[in-house]
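J.: TrEMBL lists these features:
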ACT_SITE  His248  active site, proton donor
BINDING   His248, Asn249, Phe250, Arg251, His252, Asp289, Asp399, Gln450  AMP binding site
BINDING   His252, His288, Asp289, Asp399  Zn(2+) 1 binding site
BINDING   Asp289  Zn(2+) 2 binding site
DOMAIN    172-494  domain 'PDEase'
Amino acid sequence: MGNGSSIESSKTIFLDINGKEEKIVFSRHCSSRDIHELIATIAAVNRHSTISIKDENGAHISLSPTMPANNQGCPYKVFIKEPNEPQGDSEAFQTVLTQVTEQINRVFKMEELKSELSTRLTTLEKRLEIEGLKVVEIEKCKRDISDIKDQIWNAQKKYTDNSMSDEKKISLKRDVPTYPKYTLSQETVDYVKQPTFDIWHWEPNEMLSLLEHMYHELGLVHEFNMNPITLKRWLLCVQENYRNNPFHNFRHCFCVTQMMYGMIQLCTLWDFVSREDLGILMTAAVCHDLDHPGYNNTYQINARTELAIRYNDISPLENHHCAVAFQIISNPECNIFANVDKDTFKRVRAGITMLILATDMARHAEIMESFKDKFNKGFNFKNKEHLDTLKMVLIKCCDISNEVRPMEVSEPWVDCLLEEYFNQSDREKSEGLPVAPFMDREKVTKPTAQIGFIKFVLIPMFETAANLFPQIDDVMVRPLREAKDRYEEMKSLEDNLKE
């Protein structure tokens with residue numbers, strides 16, 4: 001992306017809205033949503049309307065701060081589709097309850113969910129009526145009740161999907177690619193190569209277009225003779241098989257894949273590994289958390305879930321992510337490796353499986369010790385065993401790399417992760433299962449959650465990688481040390497307030 005000083009502080013775009021020429025000016029620091037709402041205001045339409053813009057040639061333009069500038073003689077045409085009138089809150093809630101009741105009679109384990117949610121709801125309501133809680137506590141209880149009602153709403157969709165076989169589930173993809181081809185500015189093309197890339201400013205369709213661009217730019221479409229339409233379908237199907245969890249969602253998938261792309265660029269990895277290996281690294285990053293349920297391996301094993309039983313308590317989630325990944329690829333319409341020979345596909349499948357299984361943090365010490373041993377004896381890029389270990393370290397780095405990014409990008413991820421942790425610990429308490437201290441909302445804070453993780457996991461891992469690629473030290477290790485110092489200062493302030 002280059003230096004920040006090379007980018008103008010504001011941008012002017014000329015638009016044609018319903019035949020009337022308009023001019024908008026916005027800061028490069030604003031979000032796509034800000035621009036969307038600005039245009040909605042000018043057009044006097046609902047801010048939830050679907051808005052798209054095209055240039056004079058009919059090409060879709062990304063609605064983002066990095067959209068190409070135009071002039072008054074060539075305004076972008078604005079297309080607006082207003083949303084349908086929503087139901088009233090009361091009617092919508094009654095409809096949801098009716099749908100959930102119907103699903104309970106058909107879907108596996110829905111009775112347990114209903115009982116659990118009803119018990120929690122009753123408990124919270126009694127607390128409100130009987131215990132005479134303080135105003136702040138009452139508001140918290142009300143929020144909890146609202147969250148539970150939202151869970152009932154989401155359960156209808158989630159458990160319908162969960163009750164299906166994997167084969168049926170992945171067939172719910174859109175039949176044809178529906179996201180438009182965005183015109184990526186040179187600024188965006190350069191920026192997406194940087195580890196500092198801000199992943200929060202991009203809509204899902206824009207993330208899909210950026211992922212597609214990465215595959216083309218790295219030469220993977222040519223290397224594997226991919227059909228470009230199949231690549232689009234595959235990305236769409238992958239997106240639809242990431243659940244809407246607080247942390248383990250499609251944006252996390254994009255975040256990890258973009259960091260892998262950035263590390264490939266930073267280390268000029270194509271000078272050391274084959275194009276086939278680059279494809280394995282990128283595809284494993286895209287698929288590494290497919291269909292993550294939002295509850296980790298410890299919960300799966302302690303709760304004796306179907307996944308834990310199926311995979312004999314051995315990396316149940318990672319095994320599941322692999323299985324879903326290749327069930328998607330087994331669909332001819334989504335098989336991006338359909339045009340490679342059997343031996344190549346066998347290598348690709350083994351490589352992707354190896355890397356996704358390596359993301360289980362239970363194997364962290366084993367993988368890092370193996371890499372250090374190979375480095376100390378003299379790392380050999382022509383040795384398959386050495387290369388495999390390096391690739392496992394790279395995907396591990398990318399999977400937990402949020403703190404490498406600037407604070408304004410990384411810190412919201414901590415909130416998302418803690419929300420997912422607290423959801424799990426609350427469920428473990430209600431089911432009488434062991435609760436990890438780092439997941440307990442009554443014991444953990446943001447700084448205490450991050451300091452040890454950065455100090456004892458992230459910094460040593462990235463320092464080890466930097467032994468092989470020294471450029472990692474300044475670009476990635478230094479920000480990690482700064483993040484550790486920042487959280488230690490935050491913890492010190494919290495401790496002083498307690499005193």
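Using N, Cα and C of the backbone, Cβ positions are placed for all residues, glycine too.
TrEMBL labels come from automatic prediction, so no person has curated them.
Thinking about packing and proximity, how do these listed features fit into the structure?
T.: Counting only residues at least six positions away in the same chain, the Cβ atoms of Tyr242, Asp289, His292, Gly294, Glu420 sit under 8 Å from the Cβ of His248 (active site, proton donor).
Long-range Cβ proximity for Asp399 (AMP binding site), meaning a same-chain Cβ under 8 A and a gap of 6 or more residues, is found for Val256, Ala285, His288, Thr359.
Counting every protein chain shown, the Cβ of Asp289 (AMP binding site) has 25 other Cβ atoms within 10 Å.
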J.: Just how many other Cβ atoms lie inside 10 Å of the Cβ on Phe250 (AMP binding site)?
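T.: For Phe250 (AMP binding site), the count of other Cβ atoms within 10 Å is 21.
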J.: Out of Arg251, His288, which has the highest number of nearby Cβ atoms, where nearby means within 10 Å of its Cβ, if these are the binding-site residues?
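T.: It comes out as His288.
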J.: Can you check which residues sit near Asn249 (AMP binding site), meaning Cβ under 8 Å from its Cβ, same chain, 6 or more apart in sequence, and list them in order?
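T.: Expected: Tyr242, Arg243.
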J.: Applying the rule Cβ within 8 Å of the centroid of the Cβ atoms of His252, His288, Asp289, Asp399, what extra residues of the same chain belong around the Zn(2+) 1 site?
T.: His248, Cys253, Val256, Ala285, His292, Thr359
J.: Which whole-number mean pLDDT does the model give the domain 'PDEase' (172-494)?
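T.: Average per-residue pLDDT within the domain 'PDEase' (172-494): 95.
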